[in-house]
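A short worksheet on the structure shown next.
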């Protein structure tokens, strides 16, 4: 009975209740000991490795693998990687690869190549849109210096982003074999850095540009007519246009919708430090690529019409002024509003040489 | 030519993380990168199972297919390696990978990704010298005629590495011994018969 006496606290008289508890403990312990002795021979007999394997753990079922494939994790999912929020199997990765490689990539090339081919064909067959009447020599201010600076900054950034973006999607099929690894490594690294660092600046400037041009781009009924008549190409008649014609407004609203989506998805991809999930970035990438390829294809049209395609269009965005005839032929409704503000060519030239040309103080007249 | 593969026998893995540690040690993997991870499903429940995952060196590797710089290549042994000189850290391989193998050191501002790091099957990678190879990619045990350290050190031999045929044979034997009627992997009603027939053939 040493066991029982040892359990009694020193100096405290043992009560009757304490004694009864002590005896119970002794009985239970003896029973456990006797039972374990009796069971041991059976356990030894069962230690056959083959049989143990079949009973030690329940087999992993096909259902469990299905659960893994579907990306289900459950509350008792553990991953030993410190920052891991990944499921065991990333099934969406294969979907993303399929969308990107089988659909976005080839059809993006078709969209851009096709647009370029159509424009070339159009230029060869129809040719440049010349002014119908001779120039009057009287100019109207169309774009302030501020707007021109903004336009060309956004345009330069756009072209850089488009070219580096195209390089990221298609470059490896062309330049790696053409130039070799050393040049290719430099090219593609520069593309990524330019794309990722200039992207956010483009995004901010695009928003500023969209805000400052919204007043001129509110859709009107005559814009719908303009679009239906293909800007005057169908029916060979003049169609009404305000400061911005139907096509320009279409380009504006394309940038204001798809363009902003491209910018937004670009931010998701550019800043992976907000713990956005892999799936989010996959979708952002698809939206970004589809939107950007589409806008790049349409931008070819904007560039063509603004440079080669239309006489007098480029000078509006370089000098800021357009000829009275150009305004009358292309933006008749706007011309009606501003025809009393024409300035003779010589005066504009004199202003420019004296350095007080269409500076920031000159307001855009619309 | 061999076709190197990893296989983790989920019924043997005891979640000791020995493979993770062995890998970090063999390859001097940088801080924040863990090329191998152990995933436990239904932890603490009767159906608990663990599996060790790293790059599985896919036959049709999604990372290779989506890489904008084309920095991946497959060795004659079927190991998927990448060139850190070409990697630009775009993260596309991570989006595409089924196993979450590619990881990026994010030490610069705004979480900008550094050069991708992933399991090399302890086969190093493209470099000018052995020192440079070790610095960039870690150990090249394959060149020394050794298998990846994670599998070599696995205490329960749950993680197997080697030629696909050998790995498959070992696992097949285990399945036969365990007597799963569906062969553990499929719902093939013939699996149990097939396995017994295979086992009989092996014994000659």
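Heads up, the Cβ atoms here are built off N, Cα and C, so glycines get one too.
The compositional bias 'Polar residues' annotation in TrEMBL covers B:185-195.
As annotated by TrEMBL, domain '4Fe-4S ferredoxin-type' applies to B:4-32 (among others). Averaged across the domain '4Fe-4S ferredoxin-type' (B:4-32), the predicted model reaches a pLDDT of 92.
Residues 1-6, 8, 10-11, 13-15, 19-20, 23, 35-39, 83-84, 86-88, 90, 92-93, 95-102, 118-121, 123, 126, 142, 150, 154, 158-159 of the same chain lie 6 or more positions beyond the ends of the domain '4Fe-4S ferredoxin-type' (B:45-77) yet place their CB under 8 Å from a CB of it. For B:45-77 (among others), the entry in TrEMBL reads domain '4Fe-4S ferredoxin-type'.
For B:78-107 (among others), the entry in TrEMBL reads domain '4Fe-4S ferredoxin-type'. In the domain '4Fe-4S ferredoxin-type' (B:78-107), the DSSP tally of helix, strand and coil residues is 5 helix, 4 strand, 21 coil.
What TrEMBL lists as region 'Disordered' is B:181-204.
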